[in-house]
DNA sequence: GCGACAG
DNA sequence: ATCTTGTCGC
């Protein structure tokens, strides 16, 4: 069976506007998240991200597979499908995962770890898009977000790799605020599935090169948002 | 009731 | 996320 079969839940049916049902499903799935390092040698890693076309009518998901050792891109895939649901804070995964799963399937090979753009368990109900993706695929995942959705933290240092815990109201450790590079806003890292809170930021730093984002999500982001096209395309009708 | 609010 | 050019600072 393909990755997106056998799931007749709300995430893949038509969006009926029932946010309450979606939140209930999140709470049930959050119980299945494994917050322990449960993965073998990392040979293949992947990054996934989503962008939109035509004012939001089309959801465009990108998946990039890379060699965990050399960080060389080995394969990439795009999935473009009609957007089914609006953006609702806290319910992002229901809007983006259908396309993400298609892109992952198109990759042909499943990675040993997936980095997703967005939060893992650092979410109001413990199931951000990275955690949702991890539970659904059964694969290890890590959430790499650019902004906090929920939680607080102490002041963060200025140097590369400096980090502080992200705590929910109640003081529970739910993620890490990480300065991936000097002079850039920190990333918010949280486990998605089968990765511990301590290990998640380590793995992110392992794949950060000279940019703010680690290679997996940086490359997926470029594909999803068409950064490459916009950069490579020469302006026609301008040279006259 | 008021403010916050991933992408 | 996306709409959008040049511009200021490291």
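Placed from the backbone N, Cα and C atoms, the Cβ positions cover glycine too.
According to TrEMBL:
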- A:49, A:117: Mg(2+) binding site (BINDING)
- A:87: site 'Interaction with target DNA' (SITE)
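All protein chains shown were included, and the count of other CB atoms within 10 Å of the CB of residue A:49 (Mg(2+) binding site) stands at 28. Residue A:87 (site 'Interaction with target DNA') is 15 Å away from residue A:117 (Mg(2+) binding site) when you measure Cα to Cα. Residue density at residue A:117 (Mg(2+) binding site): 26 other Cβ atoms are found within 10 A of its Cβ, drawing on all protein chains shown.
A straight line from the CA of residue A:49 (Mg(2+) binding site) to the CA of residue A:87 (site 'Interaction with target DNA') spans 15 Å.
Sequence-distant neighbours of residue A:87 (site 'Interaction with target DNA') (same chain, 6+ apart, CB under 8 A from its CB) are A:95.
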